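Structure record follows, encoded as structure tokens.
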Amino acid sequence: MKRFNIVALAGLSSLLILPSSYAEIPQKIANQTNPILASNTLSPEKIRQLAQAVTVKVLSNNKGGSGVLISKQGQTYTILTNAHVISTKGTHSIQTPDGKTHKATVISSGNSLSGNDLAVLQFQAQDNYQIVTLATNSNLSENQEVLAAGFPDHSKELVITNGKISLLSPQPLIGGYQIGYTNEIRQGMSGGTLLNQEGKLIGINGLNNNAILNDTYTYEDGTVPNAEEIQRLKKFSFAVPIQTLAKVAPNLAIIPPEWRNQQQAENPPVGNTLADKINNIAQKITVKIDSRNNGNGSGVIIARQGQTYYVATARHVVKNPDSYEIITPDGKRYAVQPENIIKSDLTHAVLIKFTSNEMYSVATISTYNQSALDYINQKPKTFWVFLSGFPEKSVKPQLTSGYLQEREQLFTNTDNSELLKNFLNDGYRLNLSYSNLSLPGTSGGPLLDAMGQVIGINGGSDKEEIEKTNIGFGYGTPSSSILGLATQAGIKLVVSSETPSIKDSEINSLWKHPLFAVKSPPANANEDELFKYANELWRIKKYSETMVVLEQILKVNKNSYKAHYVSGLVLSNKEDKYEKSLDAFEKAIAIKPYSSEAWKLKTDVLLNKLKKYPLALAAVDKAIEYDTGEDFSLYLYRSAILLQLQRYPEALTAINQAINKIHELELNYFIRANLYVILRSYEKALADLNQAIKLQPNDANNYVLRGIVRKELNKYKEALQDYNLAIKLQPNNGNAYYWRGDIFYVLNKYQEAFKDANTALKILPSNDIRPLILRGNISIKLNDYQAALADYNQVIKLDPNNGNAYYWRAEVLHLLNNYQEALADSNQALKLLSQNDTRPLILRGIIHKNLKNYQAALADFNNALKTLPPDDSRPYYWRGNVYYWLRDYQAALADYNQAIKLQADDANAYYWRGVVRYFLIDYQAALTDLNQAIKLQPNNFRNYYWRGFIRNGLKDYQSALADCNQTIKLQPNDAAGYYCRGVVYQKQGNDNAALSEYAQALAKDKKFGAANAKIGYIKYERGDVAGAIQEWQKAIQIDSDLTGPQLALAVVLHSRGEQQKALSMAQATLGVDKYLADVEVLKQTLWGTKLIAEGEKLLAHPNIQVLRVKK
């Protein structure tokens, strides 16, 4: 079963930006010995006085900044500033509010580029300086009024600015910056105070707005906000929260104990390995959800707004009425109120609100999680994931490793339909399946990628057991569910669409780390202990080691069903071991012949690995026979096998049986819609996709397939809307870009199509040839044939047996007039493509036509007519073109009539029928056709060119000249328009004007032989027979299809007495174009009276008379 490769994207809303004002206030304040203990809101004037008293200037060599007095012990004062203020080597000094300068010593310093941008200095003084009170309970909220103070560069005066908090970043930026506010911060004010309305220090200034480098706006964990979020962040100044002081100087006496405890809880010992980094993130964001009567679950902190935090978990964790508590990483407990649980019918994930004054880390939510599934479906490499949660009765979170598996296997590996029904009835949209061991208690915990980003919420295990050993996968709901709930609740998340790019060496290091290293069993381990060890090994894809252990079991007990069973599972992951996998399942079946599970997995190997479809069908029928009636996925298998066998009605019956068992699963409707597409039952496919979208509105794949169906129903606008929705839901969905590019192509929006094809190429695997073919097709429309050729060459390099690639390369080679190579490619396409695909047959006919192999062309178009539906106009159109070049105008007319009957808006068919009618001297009918062609294609210069000839035939010379002029206007560098004017002037008898136009035509294109022919006719009438012969010979040399000058040469030979030679030449010419034997046609060709008079003598010969036809 193949799905179109398929996340909801939630953006961060902009905040209201309030203007700030500032005032420069001279330093005039008396020394005070005691800190102002502000317990209530102070007046603005009091806060300004406080800021003046506690803010100091920090001097470091030639660099300056600001600082704040935070502590005094005896004669030792402690200053807090930014690390980047004292980053230069050398001495540092402090200038206090009284103007005195004191030598300072650095006690502790963070790192402004990677850690926290704070530094602690101390100096000695006998003077009494006021110190600020730290806001131990920050109580920060957006729109809270704040005051900032500092010393700008080159200013002796303290500057104080007023403003409001506009953003509390859930995640700290590099340097620890989290408090965004509207106050203006000038260069030099870094390290200065940020005070609340109680006069307490809530943060240290350090980052002014509109920082030049975008790298400034990177989160501490290395993730980067999107471009829109960066622009929003740039609007604000930022401060480091005062609580961060505990990270930089945890031993300072003024650090409140609760800050120190929180830092210890949030910051376990961290190494530099990938495992350490992921574990550190997991421990900071994972919470335990405890209950009085229902055990525990887990959750993850995903957002903070003011003092309100939001935890995501699985719905069943808090489903039963009970007393629940959230236990944060610092060990604090917060009661869960039922009204603070946010639910949705569309997902199993829920959000829980709790209130705290503490600063907890917030998770980064990925927006690519379903493209991660596409990533593994295309199998370039393993997608590793990490599950964090609190196992039952555990006081510490546990982190387990594993890998994502294909989404299809999520369902086909679920044997228990009742379990799945319960999930689905709870709104559980199961989109994630992973090998991580999911223990009781870890439900609701976060599933992280290798960057520590949350890609889903754990739902638990599939409960698959063999002899009491859990060998099942974990199941979860994707982060798109969290994004949807956040939108519903109106909260902002930290989101990232960055896909992990992890080196193999980093992955290999995981298994050596104590967190993930699998402990070997004792030397005398029993079968159960060995099997448990094997069960841990396969979860991290250590298949060879797993097989060694299983073989050890089988040496002792060759009839171990579970060892054979799991051997089959493990071996099925190695391409060169598929046959051995099949053998292992057959041995398991020999031990337990009625095991539906073993028959099912045998089916999987035969279907998906060995492609032995009849044997797979027999196996799945056995699985169904022995099944208890609970496993709906067996019918998915049966449907997939019958699909491969092209037994579509039976495949439809099988998927209907799956739907009857589980009608809540959108995947079933998606699969049936695929079948309906194959059967061309597009309305039924549309109905199924509407149902799938109703059940799973956040799955981009459903919109992609519905777009394809709507395209087939010619509902291009609706198809485009579906592709746009898919991209909005999942910005990294390569298929959505590919198909949107395809619809843009159909709508003739080639630049948009080209852009989407390029995007699809970047996202989809390098061996996916579809966007290359699409881009090649677009390049043809943009007349960039070399670019198209390069794309088709690349497709054939990647897939030498791809018939479509040969077809399209033949198309572009044909356009490059490289007919022999085009013919070879069209022949190859015919060999590789289905006999029902007539595109290469029609193309080969066109190439044969251009090679003047008209009989072969007719044979191809006749064969196409036998294969194609009777309402396809293409073979009639092209066969009419061949008849035209064979000068069989009546047959051509009949084919063009049929082509127009079948496709009434075909401008080219009207054009060619008009040309044919011109040669049949049916000028009024020809004029009607060319008028219609111009109506359909008003910018095609050839339409005006031929209408000019027709109007010339009707002696409407002014209109004819107007058409010739329009031809020149549309195509000024083409010879056609000038030739057209020459013909009109010649018909009017203005030979000099005609000769001038023919000369211009030849100047534009020296190979425009028709102009030489017309010049020859004029020269003959003027008595320059030798000059006429020379012109006619030139014309024939340029274009052997020009029959008029060939017959004229025959006439000259006849007039000179070379009758036999003249007769042979005339017979050959009239054999190609019998209409030239008609004098009216000769007049239309602009033969003059003298030439016609001599011509009639030749045409009177009995051998020629038999060739003459009447119009």
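Counting begins at 1 with the first residue displayed.
Each residue, glycine too, has its Cβ placed from N, Cα and C.
What TrEMBL says about a protein is an automatic prediction, not a curated fact.
Now, the feature entries from TrEMBL:
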- 1-23: signal peptide (SIGNAL)
- 666-699: repeat 'TPR' (REPEAT)
- 700-733: repeat 'TPR' (REPEAT)
- 734-767: repeat 'TPR' (REPEAT)
- 769-802: repeat 'TPR' (REPEAT)
- 838-871: repeat 'TPR' (REPEAT)
- 873-906: repeat 'TPR' (REPEAT)
- 907-940: repeat 'TPR' (REPEAT)
- 975-1008: repeat 'TPR' (REPEAT)
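Per-residue confidence over the repeat 'TPR' (873-906) averages 94 (mean pLDDT, predicted model). With DSSP classes pooled into helix, strand and coil, the tally for the repeat 'TPR' (700-733) is 27 helix, 0 strand, 7 coil. Assigned with DSSP, the residues of the repeat 'TPR' (734-767) fall into helix, strand and coil as follows: 27 helix, 0 strand, 7 coil.
DSSP labels the residues of the repeat 'TPR' (873-906) in these numbers: 26 helix, 0 strand, 8 coil.
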